[in-house]
């Protein structure tokens, strides 16, 4: 915290502490004024980490304070003063206020340093700065033992880093030779806590020599270990291993507004996938970021609300493993209430206090002129000159220390009215209250005496002398006019000041505003007139619920009628309801009158929407009724928004029990919710005028989990090559997971067998499973296509869901032997075409003719190669499709083949076709004209000319779209003419688009924008676009 400046103004009648009086007198005529105590506005010492390898062989600690006269500097180490002046030292020297340490030694010079700045006005101490000696030792010279592991297993290479300071270092691993560094990925992870290298699943390419490299960025030094050989051995067949978390973040404490990283990594085959969660919340904090393939969770700018338990879960197809630990958030001290420079009278009471926020709570202590002076709160019952000085409040906890400085100056002075005399000319209202202020500068507090002319005034029922010396007159009359004098006296002297009081006529409201009730959108007038003294000016001020109306900013709704106090409110809205107060004000007095304006309209939003009971498919919702705005509330509607809402405004009406909520309802059960789903709720009321504004959304909640009830759909598959059975399905949507650890169980069996085979899939997004079994291969003596029954069900942590319907899939013996016939195509535009064919005869389970679908291939005859052709796959139930992304005016070849799991059959005969020529690349030139009345819009454009020998397609007609700005669609008009007219919209902004339709498709768009507010300006203007 920056210091402050105290200006010393010399006044012969003021007393100051004796030890500075002589210096004040010496500085009275000096050009070096103002004079003030030292403050560390310039520079304070900082923590330093010194290394023996430093080329300068010195430490420099800076200290500069702002003060006049210039301060002297001293330094303390571990609370012991360094004798720089008295005892010359070969290591320490002082340059200005900076401390220089030559040839530092750890035993002599490591410690905590503070700078002390002092002049005749006081002493201040800088914040503490620590000097520490940094180092990074070498790794031991002993050879590292080799690590032998089977392929597919996990491996851990230990770094065992050497001793170091500071402890914050970075770890990397060298692979085979320097400087080839290992790049971490999903399989390989380097812990920045221990330095160890973890490989979740060893592969043959991982074999080699590894060295741990440790780098300390603060001292700029790095060291590396002896190489560790990693030997991988082949394991046939390769086994799968369950996920096993080996890097687990501990309970961690982070500082407020700082960043923190949590580590989790698992061994396993396949390489596990890491998922992070915040316990008790549906989402990670907004500042969270997951990196290193899930191994690291970064929390940036940590806040108190981020303090919680965090869980990392490692998942692969064999197992799930998880770990939980707690993140605590603490904070260094930060000032909430600090101290300021203060000037107090001698003998008065005074309290000095400061408050700091932090976690754990900061400890408060005090310094006066550099020495300890107590703790907590400082209280002075009777100030003396010795209490003057420089005070420093210090707040500290485990995370840091902060300082606040201020001067306390104790003064004594005879009364003086030089800076604040009694006003010479005073005005008061007849029958009103008059206060004449008397506030001289004096210490200690003076005694006050008032006179009117030569008459001494005493306290009575109408006249009283207040504690601060002001004179109060109640129910003033013309007889109270006259000359008033305030006399102030203390033990240092006395002074007086005089003013003349004149009584004027009181201001009175003659026409007051009346209570009024209006409808939304109407206009209302509130009257206000007043009588006042003709020698004065009057002004009228209007306020709504004690907020002064700003007529300049709120001109759309408020207008003050000139030469009167009348208020006109235009287009009244619900927010204009309340108490209106008219204030008639002169320089002497003011008077007010109020009236209530009631606005009838849509109901106000309900308040306090909250969830009181949570179940798996329902919740109990409670709310408070909002204002009805003059019309009985007919009912309430509850809306929900779940985790998968597409936008912030994607609210949907909820099902409730009871179904209809009347105007007296304050609670309801929201039913038909998804289990294990995050929801928030809002409520709006309805009256005779319509639906009111919705409430503020409730806090987000998550319904309880439940057993899944939805099975996968579109279960199917096909037989592949070499004993592969491919089973496919459409995954269940996330809202139907109904709980955590969601997955699938795939069941299948040959058609002629009884027992089912089962396989568990833990990834909820998986949509296919491939099973390999040599016994599935079709043998030479098979006379039918082999059939398999397949079905898929869901499961989560609560239990198993239902199976899908069983489906038969086929394992064909060979590819289809026949090709589709009569392939025919027709161009639709310059980029699209339709193609159809006579399908292959499918004999179902016949040995040769079982098919899954058709492959359509197309390419340009002379410009493309067949291997790079576009391909489309069509189900067996269809015999036509649309070809897209074709080039205009091109010669294409089209080929169709039947396919099944064994491959594709023979090709059909090639079908040849030409795509149409492309539409023009330039939009038509367009003009617009608005009628004088502003009610009709006329638009016309150039006809598009056609070149019979060009490369552009023939025009057919024009498309015109007229839509509101911001909308995607609107009415489309088709015309063969080159003009069109529309009724001109009077409200809102619109866009008009014109494009040509050609044989090759739609041409480019020409667009104009129309603003209804500009009608009058455009009525007689024709614009070319």
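Positions of Cβ are set from backbone N, Cα and C atoms, glycine also.
Curation does not apply to TrEMBL; its annotations are automatic.
Quick look at what TrEMBL lists:
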- 38-132: domain 'Ig-like' (DOMAIN)
- 140-229: domain 'Ig-like' (DOMAIN)
- 237-316: domain 'Ig-like' (DOMAIN)
- 333-409: domain 'Ig-like' (DOMAIN)
- 415-502: domain 'Ig-like' (DOMAIN)
- 507-598: domain 'Ig-like' (DOMAIN)
- 605-706: domain 'Fibronectin type-III' (DOMAIN)
- 711-814: domain 'Fibronectin type-III' (DOMAIN)
- 819-921: domain 'Fibronectin type-III' (DOMAIN)
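Most Cβ pairs under 8 A with the domain 'Ig-like' (333-409) among the ranges 38-132, 507-598, 711-814 are made by 38-132. Broken down by DSSP into helix, strand and coil, the domain 'Ig-like' (237-316) contains 6 helix, 44 strand, 30 coil.
Taken together, the residues in the domain 'Ig-like' (333-409) have a mean pLDDT of 90 on the 0 to 100 scale. Break the domain 'Fibronectin type-III' (819-921) down by DSSP state and the numbers are 3 helix, 48 strand, 52 coil. In the domain 'Ig-like' (38-132), the DSSP tally of helix, strand and coil residues is 4 helix, 53 strand, 38 coil. The domain 'Ig-like' (140-229): residue composition by secondary structure is 3 helix, 37 strand, 50 coil, according to DSSP.
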